[in-house]
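Each remark here refers to the structure printed beneath this line.
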Amino acid sequence: MTRGLVFFVSTACGILADQLSKFIITANLATGTSIPESGFFQIVHVHNTGAAFSIFQGHIEWLIAASVLGVILAMTAFFIRKKLPFLDTRPGLIALGVILAGTVGNLIDRVRLGYVTDFIRVGDFPTFNIADSCLTVGVIGLLLLYIVSSHVSGDTSENV
């Protein structure tokens, strides 16, 4: 599989997993209800008009603009990946692909519904969804790849 295909397949799989999971939750669980009703791990159906940790509540236009910018940045990174050796690898392109998937997954909700469907609650952590997980895992993956590639290439500069 070519590296470009790796990027697009990881993006498509992430978007599909996000949108399918939200469809299943919306079709089977009333807003505000959870399974189980209490406990450390719950599946709960909530609408979030904000971003992570519910910041920017009610500012959908800013969140849509930020998401569009995120899509542009991810696509730009894909097209200039040859200049970023840590990114021009299968793991780098998978990480970038799931970042794009998370951004697009939540952007679809915001444009279509005016909010994001969240449904995973773990302990006291704010409720989140598959798109949020894609973003988090992708960003952490890219950071780790960057750090490892910096050490491997012998870059010891403090200007990171």
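Glycine is no exception: its Cβ is also placed from the backbone N, Cα and C atoms.
Swiss-Prot has this to say about the protein:
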ACT_SITE  ASP118  active site
ACT_SITE  ASP132  active site
TRANSMEM  5-25  transmembrane segment
TRANSMEM  60-80  transmembrane segment
TRANSMEM  84-104  transmembrane segment
TRANSMEM  128-148  transmembrane segment
- Query: Name the residues of the same chain, 6+ apart in sequence, whose Cβ is under 8 Å from the Cβ of ASP132 (active site)?
  - Reply: ALA52, GLY102, ASN106, ASP118
- Query: Against which stretches of its own chain does the transmembrane segment (128-148) lie, if we need a Cβ under 8 Å and a gap of at least six residues from its ends?
  - Reply: 14, 17-18, 21-22, 52, 86-87, 89, 91-92, 94-99, 101-106, 109, 116-120
- Query: Can you name the far-off residues of the same chain, 6+ from the ends of the transmembrane segment (5-25), with a Cβ under 8 Å from a Cβ of it?
  - Reply: 43, 45, 78, 90, 93-94, 96-98, 100-102, 104-106, 108-109, 117, 119, 129-131, 134
- Message: In the three-state scheme derived from DSSP, which category covers ASP132 (active site)?
- Response: helix
- Please report the number of other Cβ atoms within 10 Å of the Cβ of ASP118 (active site). 23
